C-alpha cells in the first residue's frame, strides 16, 4: 500500500493549446494541458485532471451535448473516447492524419472531424456496447486547403466548414434534394470561425484578417427536402441500403465543386451576402485568432493576436465592449450555456481566464510558469505547495483546490530554491539575481531581502528547524552565506568548498548544516561551534543533491555517477549505497549523435527526498522515471513514469531509422513553423528556457521531488508541470492480518448483535473503507468512549488514519470529532511513545481538521457580523441620533454581545451547537 501511488492531479499548468469547452451546466471549463485534460470547477473552486493521457499533445476536444462523452484528439491523430462520468477511456481510434477540430451534432447522434482538406462525419457512439464505436458515415470533399472550423445547425440537418483557402462550405448531413453542398467566398484570408444563426440556415464567417461576412439563406431549415430515388437508381439504392445494413460500415463520399453546374442550381438553396464588417480600422493590422458565438443572446466574442477581445451584438454589429486581457495571442474562446461567462486561453504564456462580461469581472484568472519549474516545497501541514521557476516567479498552490492563490514577482531572474519555515507562514526563496527573499503568506508581501557583500548567484537555500537561520549556497564564489531571519543581517560566510554549491539541508533535530558541492565533498557545519566544519565526507563523484532523514539520523547524497550514498552524520561513516544508473532508463534525444545506452553514462539523479516515515527515499533526475528505493534493503521498490508524451524530447530509447537521412533527422523539421511569425532558429548551446523559438521539443526531466508531510502523496516538478501522485484507497484491496473467518457478512452480523468492538476490528482487518465507515457510524455516540477504550493499540493508528481521510469527504463532522477526541485522550500517552512513526498520520489528521476549522470559522464570523449589523440597524430604526452618546463604546459592544447571545439562545454553548449542526 505504501508504494501504490497513482497520478491524482496536475498543477502549475492550466492551458497549453487546443480548444476550450464549457460543460452543459456552464459551471466547469475543460482545458487541454499538454497530453492531459483538466476540468476546472468554477462553482466549487476546484480543479481536477482526468486520469488519462494521450501519446502526443492534445490538439482538440469535442464534448457531447449531454456532457457525458468527450472525444480527445492529439497531434498525431489518435483519438480517445472518454466517459466524463466514470473518468475512464472507452475507445481508442486513429484518424490516420492530423485533425484540426471535432464537433458533435446538437442531437448527439453524429460528429464531424476536419482532417486535411476534407470533413468526415461519423456515427456517434450509442449507449449499447459496440465493437467499433466510430463508424464512418460520409466524407465531404470541396476545400482545396486545410479545413479549420465546424458548426452545426440547431436541428442537426446541416453543418458548415471553414477552410484556409478562404472559402466556407455548407454541407447537408442527409441526402437533401435542394442542398448537397454550397461554397461561399468573400474573404481574403483563412477562415477562423463560422457560425449558424439560431433555427436558421443564415450564417456568419470570420477570417484571419478581421473581416465578418453575414450570409442570408432563402430557404428555412424546414424547406430542406430529402432526395427521392427514381427508376433503376431506386432499385440500386435499395440494394445498396440492404448491403449497408448487412455490413454496417460502408461510407458515402460527397465531392463538391466551387462552381456547380447549371442543372444543379435550379430549385436549390441560395445564399446572398447581407453585410460585411471590418474589425481592423484605420490600418490597424491585428490578426483575428479565435471566435465564439452564443446563438440565444446573439453575442459574438472575438480574440486577437494582440491579446484584445471584442464583444459584439449581431446582426447589428454593435460593440458592447473591448478589453485587453493579455500581452499574448488569444488561442481559444468559449462561451458557457447561459452566455454569462467567457473563457479565454492564451498559449503563449499558458493563461486561462474566465470573464463575466455583464459585471466586467474575472471568475477565474490562472497562469502557470512561463518557463520550466525548478523547485518545490510542501508546507508543514501539507495544504500548500510553493514552486519556483526559470521565469523568476514564485507561486503558492492549494493542494485541495489545485489553484494558485498568490504569485510573487520580486525576483528578476530564475528561482533556484524554495522552502517553508516550520510555522508554514513564511516562504524563503533563492535566485540567480543574487538575492534570497522571505515572503509572508499572511500579508502576501516580501518582508526580508538577504544579499551578499559581493554580487553572486545563489543556487540553493535552506532554513533551520526554528526558522531563525537562513543559509544559501553560491554558484560562482563557492561560499555559503548565513543570515538571521529576525534582523536580516549577514551572520557568517562559510568557505571551504572548491566548487559550486549544489545543495543545502539542515538537520531537523540538531543544529547541523549539510552542504553538497561539485568538488566531490560533503561538509557538515556545526551551528553552535562558530560554524566550524564538523566533518568532511569524501565522495566518488560530484555531489548533486543532499537530504536528511526526518529524524536526522541519516544523510543521503546523490552524485554524478548515478549513485545514492547513505551516511551516518554522527560518526561520518557510510552506511550504504544504491547504484541507480540502470533504473533511470534515459531516452535518446533527436539531436544526439550517440545511442541512449551511451548517453545514460552522463545522466544522474538530481533531486532526493525521504518519505515521511524515513524507510524509503524518492529519487528523480534526467529521466522520465521517478524511483522509490527501500533504504535499509537498498533495492528498487517501484518506478513511476511521469509522462508518456511523445511531443517531449528524450522519451524514446531508439529513434525511428526511417527519419534518419544524410542531412540529419527529419523529425527536427517543424511542420508548423513559419505559419505566423516565420521560421525561428534555436540558439546554439541553450539547454533550457524558450530556446529563442516557440517551436521546439523540451526535454523531459524531473527538477524537484518532495513527499507530503502526511505521507499520502508526493509531488514532482517536471517538464509537464507540477504532478501529484497519491494513494488511491478506493481501488486497492490491502487487508491487514486477514483470516479466513473474517468476511463482510461476519462484520454486519456483529453489528446486528451490537458487538461494536469486534465489528470494527474485523472491518479494519479487511481494510475496506466502506465497511469500516459502516462499522464506525453504527456505534451510538454515547458508546464511543467504551469502544475506544477497548481497542488494541495496534488498531488505534488504523482508526486515526481512516478518520483523517473521512474528514475530507464526510458530512458527519461532530461524530468523527468525538471519535478523534476520545482516541487521543484515552491512548495519547501510548501514542506519544511512537511519535516518530505516527507523525504522518497525526499531520494528515491535523490537515483535515484545520480545513474544516477554516471554512466554519469564516462562515460563523460572517454570520456573527451580519447579526451584529442587523441588531445595530434595528436599534437605530425610527429614532433620531442624539448629540450626546448614550454610553461608552465598551458598554455598547457589551450590550450588542448580550443581544447576540440572547438571539443565539445560550451564548457559547449554543454557538458550539450551531457549529456541530452545520
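Cβ coordinates come from backbone N, Cα and C, glycine included.
Between the listed ranges 237-262, 263-288, 289-314, 315-340, Swiss-Prot ties the annotation region 'Disordered' to 237-262. Secondary structure counts, DSSP: the repeat 'WD 5' (186-225) has 3 helix, 18 strand, 19 coil. When each of the listed stretches 12-50, 410-449, 453-495, 496-535 is scored by C-beta pairs under 8 angstroms to the repeat 'WD 7' (325-365), 12-50 comes out highest.
Using DSSP to sort the residues of the repeat 'WD 9' (410-449) gives these counts of helix, strand and coil: 0 helix, 23 strand, 17 coil.
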